[in-house]
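Taken verbatim from TrEMBL:
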- C269: active site, nucleophile (ACT_SITE)
- R35, T86, T122, E155, K272, R337: NAD(+) binding site (BINDING)
- F152, L153, R154, E155, K213, F258, L259, H260, P261, S262, G266, K330: substrate binding site (BINDING)
- 323-425: domain 'UDP-glucose/GDP-mannose dehydrogenase C-terminal' (DOMAIN)
Amino acid sequence: MRIAMIGGGYVGLVSGTCFAEFGTDVAIVETNPDRLAALREGRIPIYEPGLDRLVAENVEAGRLTFGDDMAAAVKGADAVFVAVGTPSRRGDGQADTSYVYAAVEQVARVAEGYTLIVTKSTVPVGTGREIAKIVHATRPDLDFDVASNPEFLREGNAIVDFMKPDRVIIGTDQSKPGGTERAQNILRKLYRPLYLLERPIVFTGLETAELIKYAANSFLAMKITFINEISDLCEKVGADVNDVARSIGLDGRIGKKFLHPSPGFGGSCFPKDTRALTAIGRNAGSPVRLIETTVAVNELRMKAMGERVIALAGGDVKGLTIGVLGLTFKPETDDMREAASIVVLDQLDKAGAQIRAFDPAGMETARPVLPQGVTYCKDALDAATGADILVVLTEWNEFRSLSPEKLKTRMTGRKVADLRNIWDPESLKEAGFDYISLGRPDMVHTA
Ligand code: UDX
């Protein structure tokens with residue numbers, strides 16, 4: 001089989017490469033000349049463990065190509081996937097579908113014969129139907145179908161998430177006679193390797209598939225926000241949030257994942273998708289109030305984290321040196337989009353602190369979005385050198401092995417704000433540190 005993947009960004013590159021790994025011929029269309037040049041030279045413009053090797057192997061095998069010729073890619077393709085960006089639109093938070101519609105129009109212009117257009121990007125409910133209108137208006141003669149096939153890839157884990165998904169969602173236009181069967185047959189064949197691995201493939205309607213994506217991400221974001229609020233309550237009543245999370249997670253109806261307290265959720269998806277879902281709800285006259293609250297609580301939480309660090313310093317960080325471990329929105333990525341560090345370091349910088357920072361992968365991507373005065377260090381101990389306060393913002397594994405004794409040899413002060421609960425409160429306190437973390441007895445405030 002052969003497919004075209006429109007968009008060589010995070011979703012298109014991972015999905016296209018994994019389809020090629022399944023044995024499908026994949027032509028990725030990337031119109032950004034710099035990104036196209038990088039891909040053609042085998043330079044992967046995103047940090048995704050294992051992706052560079054997988055791309056190289058499939059290019060070598062002749063199953064994966066990169067180009068900017070839409071006609072060549074679309075011609076004879078069994079399916080044309082649209083994986084271009086859908087950023088948050090300024091103002092109402094609705095997803096901006098202009099890039100999707102532009103790509104679809106281009107596909108329609110060059111398509112010959114039956115064409116199956118599949119949205120892989122996260123798109124507002126109703127986009128698939130809008131795409132059908134655009135294609136019909138552009139090419140009244142064209143025989144085509146539209147399908148929705150949202151992705152559930154986690155950054156840093158994307159290849160595994162594609163190869164071993166909990167489920168594949170395929171939405172087709174069930175109102176169109178015959179449209180569903182053709183589209184489903186093609187996509188069933190494309191996903192056959194997963195089917196053989198007994199990974200469930202759910203066939204449903206277009207709008208349903210589009211809403212499933214938003215509902216999944218928003219539920220996960222809400223689950224995180226729930227444990228973050230429980231974490232704050234634990235601090236007031238002297239409970240341990242790790243034990244609460246573990247214990248409720250043992251209930252199969254709740255599940256143990258995504259119950260780790262944090263400075264708040266960031267990334268390119270949760271913030272964007274929660275805002276988009278609230279806009280979809282408002283526009284449809286059915287507001288999703290739980291997610292509106294999730295968005296508001298998460299934004300307040302990031303600000304509250306900066307205030308906690310300032311409170312740890314006695315209310316004033318002016319002139320103090322603050323070491324920061326971790327800048328990216330989560331480990332195993334260089335992605336800084338909506339990372340908690342952007343909010344927290346801005347607060348600390350404005351309060352007059354001197355910031356020393358280290359992140360294993362995000363140093364270059366962090367520089368443009370963090371305050372000018374930040375000093376970028378060569379490793380974690382360098383960031384701790386001379387620090388009055390040390391703050392953990394991203395739970396990179398390499399930080400977990402840092403011992404209190406080692407920190408004491410570098411730090412000037414003895415204050416630590418562990419905002420990812422990576423260290424043990426007892427060992428830090430025994431070493432003489434004034435240690436705060438999230439939702440654990442060390443944070444007990446006497447009433
Ligand atoms: C997410 C979804 O998991 C994925 O299915 C979807 O396709 C894209 O969005 P991603 O944004 O890459 O993936 O990262 P994820 O691992 O979900 O983490 C998102 C944010 O939530 C991060 O800031 C992370 O630190 C935070 N998080 C995650 C928590 O605060 N607590 C948790 O328990 C888990």
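Note that Cβ sites are derived from N, Cα and C of the backbone, with glycine treated the same way.
Here the binding-site residues are R35, R154, K272; the one with the fewest Cβ atoms within 10 Å of its Cβ is R154. Using CA atoms as reference points, the recorded positions R154, K213, P261, G266, C269 were checked against T86 (NAD(+) binding site), and the closest is C269. Spatial neighbours are here defined as Cα atoms within 10 angstroms of one another, and by that definition the neighbours of R154 (substrate binding site) among the recorded positions T122, C269, K272 are C269. For K213 (substrate binding site), the Cβ neighbour count at a 10 Å cut-off comes to 25, with all displayed protein chains included. The DSSP breakdown of the domain 'UDP-glucose/GDP-mannose dehydrogenase C-terminal' (323-425), given as helix, strand and coil counts, is 35 helix, 18 strand, 50 coil. Checking the binding-site residues T86, R154, K213, G266 against ligand 1 with a 6 Å cutoff on the Cβ atom leaves R154, G266, in sequence order. Averaged across the domain 'UDP-glucose/GDP-mannose dehydrogenase C-terminal' (323-425), pLDDT in this predicted model comes to 97. T122 (NAD(+) binding site) is 7 Å away from K213 (substrate binding site) when you measure Cα to Cα. Among the binding-site residues listed (F152, P261, G266), G266 has its Cα nearest to the Cα of K272 (NAD(+) binding site).
All chains included, 23 other C-beta atoms sit within 10 angstroms of the C-beta of T122 (NAD(+) binding site).
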